[in-house]
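> In case it helps, Swiss-Prot gives these features for our protein:
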| type | residues | note |
| --- | --- | --- |
| BINDING | CYS227, CYS230, HIS243, CYS249 | Zn(2+) 2 binding site |
| COMPBIAS | 56-70 | compositional bias 'Basic and acidic residues' |
| CROSSLNK | LYS79 | SUMO2 cross-link |
| CROSSLNK | LYS108 | SUMO2 cross-link |
| CROSSLNK | LYS118 | SUMO2 cross-link |
| CROSSLNK | LYS138 | SUMO2 cross-link |
| CROSSLNK | LYS148 | SUMO2 cross-link |
| CROSSLNK | LYS157 | SUMO2 cross-link |
| CROSSLNK | LYS168 | SUMO2 cross-link |
| CROSSLNK | LYS178 | SUMO2 cross-link |
| CROSSLNK | LYS195 | SUMO2 cross-link |
| CROSSLNK | LYS454 | SUMO2 cross-link |
| MOD_RES | SER25 | phosphoserine |
| REGION | 1-72 | region 'Disordered' |
Amino acid sequence: MEFAAENEGKSGGGLHSVAEGVRLSPEPGREGVRDLAGAEEFGGGEEGKGLTGVKEIGDGEEGSRQRPEEIPMDLTVVKQEIIDWPGTEGRLAGQWVEQEVEDRPEVKDENAGVLEVKQETDSSLVVKEAKVGDLEVKEEVMDSSEVKEEKDNLEIKQEEKFVGQCIKEELMHGECVKEEKDFLKKEIVDDTKVKEEPPINHPVGCKRKLAMSRCETCGTEEAKYRCPRCMRYSCSLPCVKKHKAELTCNGVRDKTAYISIQQFTEMNLLSDYRFLEDVARTADHISRDAFLKRPISNKHMYFMKNRARRQGINLKLLPNGFTKRKENSTFFDKKKQQFCWHVKLQFPQSQAEYIEKRVPDDKTINEILKPYIDPEKSDPVIRQRLKAYIRSQTGVQILMKIEYMQQNLVRYYELDPYKSLLDNLRNKVIIEYPTLHVVLKGSNNDMKVLRQVKSESTKNLGNEN
């Protein structure tokens, strides 16, 4: 208080002018007090140049327009209280200023645009004056002898200012980043709205098409089905039926098909395991079925064998379950007292095979072959397939395999086409039904006829003698 009164008495209106010229800097990061109007000097200083002992900035500093360095006080307590000037009670431009600094200046930002600086001074007073346009800074010091410049404290303060500015810049960048994130979120939401299109409702019963596959039967449409047995692609039911007819495929997956060890996977192992379980389940079911345990009557088999033996034919029948046994449709007609045979015809030169059922034993071989190789009476479709036999001028030869021969020894009987089937089957062994091989005469084949073998053996004996 006394210090303020003495200053008021010495300076007169100068102190009032200083108070009016002092205002807070509105720029963030600048904590100094600016003096826009020059203050009268204390102790002989000129008006407008500030107090005595003030350092003026040279021309080089003004030209470079660098920010003036602030000189902190080392462990000084500065107090400044301005009281009892006319019309004002510590109020400067509508703002309260109470400056208190202990140990080092502290700056507190309470509101944006409002800065309260508290400084308490006991022996010396430092006032920093700066102009925005001219960058002029004036320092007023009561006792310049007590002011010491310490580089360490100055560097610390500069670092604190730099850190504070960095923090503010980071906050500003943080707000920008948040705004960018919000903008990106909005864009993502818009994209999701665009992507959320109504699902396509496929018609009922529409199956997924096999990618990049064509029907292997017609070759025009895209494949929709794949046969589990032969893995052939098909597009429709007619193509499925056609491929089954052409390849004699039943469409059922072959559980016992061969798979190499390189292609064997866990799915194949699981399939084999389930197959064995099915076999065990079927065997257990059969063992528990009382009806299946009954012995099958063999009266019909014995009757067929006895009738064939009476006619001089050695007929052999296979047990139930064999394929040839299932295919056999031979029966004995009691009214006519003759056999109606199941006959298989094979044409090796055309790779064709046909079956004749209910063939009476009094029918000749030529009559049996007439619907196949006769140029006039044969079926047109069969004639087209057996055109090699129809166009042949050498004629055909009818052979039948000899049963119960030694291993890897295959021989054939040559049948007489002008004799009946019964005459050709006498004194021969027949397993289930006769199979006739129709070959072209003079064709090079590995079929050796029994008559040729006998003639060759007799020739060899004559040459030795």
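Every residue, even glycine, has its Cβ placed from backbone N, Cα and C.
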> If H, G and I count as helix, E and B as strand, and all else as coil, what does DSSP give for HIS243 (Zn(2+) 2 binding site)?
helix
> Near the Zn(2+) 2 site, what residues other than CYS227, CYS230, HIS243, CYS249 in the same chain have a C-beta no further than 8 Å from the centroid of the listed C-beta atoms?
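Result: ARG229, MET231, ARG232, SER234, VAL240, LYS244, LEU247, GLY251.
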> Give me the count of other Cβ atoms within 10 A of the Cβ belonging to CYS227 (Zn(2+) 2 binding site).
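The answer is 19.
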